[in-house]
Amino acid sequence: MSNRRSFLKKTLVSTSLLLPGGIIQACANPVQESTGEKFKPLILSTWNHGMPANDRAWEVLMKSGNLVDAVEEGVKVTELDMDNLSVGLQGLPDREGIPTLDASIMKGDGSCGSVAFVRQVKHPISLARMVMEETPHVMLAGEGARQFAIAKGFPMESETLSPKAEEMYQEWKKESKYKPIINIENHDTIGMVALGPDGKLAGSCTTSGLAFKMHGRVGDSPIIGAGLYVDDEVGAATATGLGETIIRICGSFLIVELMRQGRTPQEACEEAVRRLIAKNSANIKDIQAGFLAVNKDGEYGAYAVHPGFNFARHHSGGGTLVDSKSKF
Ligand code: SD4
């Protein structure tokens, strides 16, 4: 194991973050995925940090009945989680040492909003919602998104890295090589999809993107159809992992369209992974990506390229962490 790899591994273990299996024991008793179950209402989120996010989303849904409030408030928990190195301003920065954020939100009626490459905003998901609700546009990026945030009264936050992010950035700078390490550096984006009691759907997705990415790089998370897609007629899907590979297959849109054609959420996620692998076969051993989907009947599914992906599920029976199946 290279020094950098072992450094990352040690750092992440010591912060009880995320090694496949490690998380699971630390946070909950995972169950194996079972297909064919149906729940309504149902909230699903990527990774183990989806557990507290789902709890919050469920609470909001039960109190207000508003599904968009639920998916926004739910992922805001993760945006503030100081242990999370892939979401929010405490996430790992780009190569220049600057944290830049991507987020999207979508309703099943086709309304959607997103922000990309935005700086100094604590809750990019709320800014994405404002793009959806208060502009004629779908996506604002970079300085324009930041100016919109200022105009809407969002406080501008400091860009000083969190101690953990600073330590990892300084370590990365020693070699300045970009090679994603699956399930570690690029782990942790939260994508949430929710089915309300009335059969309507909504979703949200928020991330600081790939660690040590090029300045200006935008991933799949703010791209409607890649990191998130929701359609009340069919279902919803979200993605996590190496965004470039997800964008190439329009992953979330693909899954919703496959469900429209009759596939179950599980079958649709598996087909998306098959296509992703087909388009990235040369270096697939270094690529992790995972998909999570629900259909309008409350059936759900998940699938990843490699083991290690899990997701949080919340229904009237409570919250559970579930291990996803994977291709390899
Ligand atoms: C990205 N998809 O920016 C995000 C990263 C991610 O879990 O999902 N991390 O490519």
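Every residue, even glycine, has its Cβ placed from backbone N, Cα and C.
Under the heading active site, nucleophile, TrEMBL lists T189. The substrate binding site annotation in TrEMBL covers R217, V218, G219, D220, T240, G241, L242, G243. Taken from TrEMBL, the feature signal peptide covers 1-28.
Neighbours of T240 (substrate binding site), defined as other CB atoms within 10 A of its CB across all chains, total 31. Recorded residues L242 (substrate binding site) and the residue listed as 'active site, nucleophile' have their alpha carbons 10 Å apart, per Cα-Cα distance. If you measure from the Cα atom of T240 (substrate binding site) to that of T189 (active site, nucleophile), you get 6 Å. Summarising the substrate site geometry, the residues cited as binding it (R217, V218, G219, D220, T240, G241, L242, G243) extend over a maximum Cα to Cα distance of 16 Å. In the vicinity of ligand 1, defined as a Cβ distance under 6 Å, the following of the binding-site residues R217, V218, G241, G243 are placed: G241, G243. Note: the Cα of G219 (substrate binding site) and the Cα of T189 (active site, nucleophile) are spaced 11 Å from each other.
The Cβ of G243 (substrate binding site) lies under 8 Å from the Cβ of G209, L210, V218, G219, D220, S221, A226, G227, each on the same chain and at least six residues away in sequence. Annotated pair R217 (substrate binding site) and the residue listed as 'active site, nucleophile', C-alpha to C-alpha distance, rounded: 15 Å.
In the three-state DSSP scheme, D220 (substrate binding site) falls into the coil class.
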